[in-house]
């Protein structure tokens with residue numbers, strides 16, 4: 001009997017990379033593997049994608065793990081470097097780095113490096129989080145072009161704030177700012193992440209940066225979901241029934257007695273809970289798959305267990321398989337039911353959840 005286990009489907013991951021190439025055929029792809037590859041395993045994910053043009057990470061430590069694991073493709077530090085003392089390592093490991101503020105620029109100008117580094121100047125086109133403001137961007141760019149520690153030409157990157165809201169006008173405005181600044185400049189350009197790839201083909205440019213969609217999960221809050229775009233879920237969160245019991249009409253279930261059965265039924269208990277990272281906020285009615293059949297969660301999610309209503313005629317037994325999300329049950333459905341984003345669901349699973357890789 002298997003308790004909480006994440007099953008990672010390498011074949012689906014490779015399929016999704018190919019699907020991204022179909023959607024952005026003129027662009028190279030930075031496969032974003034930050035946050036332990038969105039919960040899928042940093043090194044295993046990168047090794048599964050030898051055809052990725054580059055990888056994107058949030059921390060230098062992630063990049064160094066990839067290099068130590070034999071990954072030779074370009075690796076982009078999406079948030080840049082946090083300490084000037086990291087620059088010699090970035091140079092020696094042939095890493096690419098975003099540069100988005102005056103402190104980073106000054107550090108690049110002051111350091112002595114054996115080899116220059118490849119730089120992506122981050123332009124703030126409307127996210128207002130990281131990046132150089134448009135009115136300061138030209139002077140910043142010129143300093144980078146004259147910096148001996150920067151490999152030329154300087155590349156330009158930005159990030160959409162509302163790519164998943166195609167009617168709001170914000171993305172067009174960001175594109176206008178980005179295009180105006182990039183005009184006539186020789187470096188590579190990148191602004192599209194998952195939402196841009198799916199909804200804004202005019203934003204694909206030289207490089208696109210698929211994140212959550214690489215793993216078969218849509219960045220959109222509502223339908224269409226990943227499978228609707230031709231992607232396959234890479235992660236399946238699975239477990240088993242540890243008990244099946246008769247349950248009488250009128251009896252409550254679990255802490256607080258928040259769910260009371262209206263009929264005699266069969267109740268299943270699943271070895272899964274918020275101690276594994278499953279959302280405690282999941283309400284009664286949230287679906288799971290038992291033996292491939294959709295059944296509802298009933299009562300509160302506990303630390304180690306979830307109860308499900310198997311139905312009065314159920315023939316399920318202890319030890320039978322359960323899928324909490326993944327193949328046959330998109331995680332986007334769970335996100336919609338629980339009001340917890342799919343990003344958070346797949347990245348917050350705890351260390352007691354086993355990981356298994358299949359082809």
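Note that Cβ sites are derived from N, Cα and C of the backbone, with glycine treated the same way.
As annotated by Swiss-Prot, active site, proton acceptor applies to 34, 255, with the evidence given as similarity to another entry. Look at Swiss-Prot and you will find 129, 303 tagged as substrate binding site. Feature annotation from Swiss-Prot assigns N6-(pyridoxal phosphate)lysine to 34.
Taking CA atoms as the reference points, residue 129 (substrate binding site) and residue 34 (active site, proton acceptor) are 18 Å apart. In the three-state DSSP assignment, the secondary structure recorded for residue 129 (substrate binding site) is coil. In this structure, the CA atom of residue 303 (substrate binding site) is 11 Å away from the CA atom of residue 255 (active site, proton acceptor). Residue 34 (active site, proton acceptor) sits 37 Å from residue 255 (active site, proton acceptor), counting Cα to Cα.
When the recorded positions 34, 129 are compared by the number of other C-beta atoms lying within 10 angstroms of their own C-beta, 129 comes out lowest.
The DSSP secondary structure for residue 303 (substrate binding site) is coil. DSSP classifies residue 34 (active site, proton acceptor) as helix under the three-state reduction. Taking the Cβ of residue 303 (substrate binding site) as centre and 10 Å as the limit, one finds 10 other Cβ atoms among all the protein chains shown.
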